[in-house]
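> The structure's right below; bear with me while I get my questions together.
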Amino acid sequence: MTLQERDKKHLWHPLKQHQTHPNSLGIVKAKGCVLTDEHGNEYIDAISSWYTCIFGHCNDYITSRVYDQMQRLDQIMFSDFTHEPAVKLSEELIKILPENQNRIFFNDNGSTAVEAGIKMALQYHFNKGEKRNLFIALENGFHGDTFGAMSVSGLSVYNGPFEDFLMHVERIPVPNGENNEDILEQLKEIVSKQKIAGFIYEPLVQGAAGMKIHKAEDLNVILQFCKENDILTIADEVMTGFGKTGNNFASNEIETKPDIICLSKALTAGLVPMAITSCTEEIYEAFLGDSIAEGFMHCHTYSANPIACRAALAGIELLQSEEIQQNIHQISKAHIAFSNEIKHHNKITNVNSKGVILAIDLKTNSSRYGSLRDQLLKSFMDEGVFLRPLGNTIYLQPPYVITEEQLKKVYTTIEKVLDTL
Ligand SMILES: *Cc1c(COP(=O)(O)O)cnc(C)c1O
């Protein structure tokens, strides 16, 4: 029996309607940018397996550092103990995060990083004796699948059955360069009536919305307003972090720095799950006091797992290398050239790129999980390229180690598949 057949007996996959989509392809190997299925077919992983494995799959440097760590210290409770990989990781991250960040809190996935960020913001105000109970978020944002993260997310395709149980959130439009005044009016209206704890946003690129890109100076108008009104700002950099936008973090490109930052996905270079919520010293200090209740009573069992910390440290080393910085630059340049080449294609409405992220919006009206999307996915796989369209949008987010030849193959495959539509 194949993996695909055995899979059907006991497994339940995420984001899947098993009745209409019963098959899951068995993958037996992943190395560099290439995935190999159980029949020996190869695919270029053009989306870094959901934006995680930015230095390629099974990167030798990262796996060797992790193997070494596994021989010394595997897991230890982080509420009572500390260890070198966590200490070193905090030191290295603080060097590259926006300059106002000074504290590192560990979680285990992107959703819980957001969850912790939300709780930090609420308790910050609570500890200061102020009850602020509402969040502001951008339309079509995506922040994860746990209840707090779902609440601030604006993609209702995921949230339908749970809406009655979510926190109250006010949603504002994504800045588009022309609506700054309208957004400010809306914000003033919201703060005149309600007590706002925080504003959460995906800086510069909204991932799940279809890699939608907005400008730093427009987002800055909102962040500035939040600062002036004591609204804590939470940058969800789970997708944008670690070089995707061409900078270590998208927030580095925006003048007003966030109070809290959520990190995951590429944090551990795709090797093991981990996440971090970082914050300013000012937020941390609001949790100091004589009573334990003033502290942050939030914990995940695998917090700061030493193996995950080691993977993250190896990743940060690679990220800062001349070679990887050069690769990021080359991919960004190639994306711009390809965008210019295809932007007048009659099947395309819009092509945008930011760093290694390229988004191609199609004219055809496809629903998020509709048949066109399935057809596109299959056409790409048949050509040996793994691309996973989001609604009307085909996007690329290749590992930084993708070769020129592999990237070219991804581009020509997109052109070829567009011509068949
Ligand atoms: C993926 C993602 C999350 C959720 O992370 P998980 O690890 O899947 O829980 C949150 N925010 C953004 C921006 C993401 O892209």
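Glycine is treated like the rest: Cβ placed from N, Cα and C.
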> Check TrEMBL for me: it has G110, S111, H300, T301 binding pyridoxal 5'-phosphate, so pick out which one of D45, D164, D236, D361 it puts in that same site.
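Answer, per TrEMBL (pyridoxal 5'-phosphate site with G110, S111, H300, T301), from D45, D164, D236, D361: D236.
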> So if I draw a 10 Å sphere around the Cβ of T301 (pyridoxal 5'-phosphate binding site), how many other Cβ atoms end up inside it?
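There are 10 of them.
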> Pairwise over W50, K265, R388, annotated as binding substrate, what's the top Cα to Cα distance to the nearest Å?
17
> Using C-alpha positions only, work out which of the binding-site residues W50, K265, R388 is nearest to S111 (pyridoxal 5'-phosphate binding site).
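Comparing Cα positions, the candidate nearest S111 (pyridoxal 5'-phosphate binding site) turns out to be K265.
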> To the nearest whole angstrom, what is the C-alpha distance linking K265 (substrate binding site) and G110 (pyridoxal 5'-phosphate binding site)?
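Spelling it out, the Cα of K265 (substrate binding site) and the Cα of G110 (pyridoxal 5'-phosphate binding site) are 7 Å apart.
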> Using R388 (substrate binding site) as the reference point, find which of the binding-site residues G110, D236, H300, T301 has the shortest Cα-to-Cα distance to it.
G110
> Using the alpha carbons only, what distance in Å do you get between H300 (pyridoxal 5'-phosphate binding site) and W50 (substrate binding site) once rounded?
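Cα-Cα, rounded: 23 Å.
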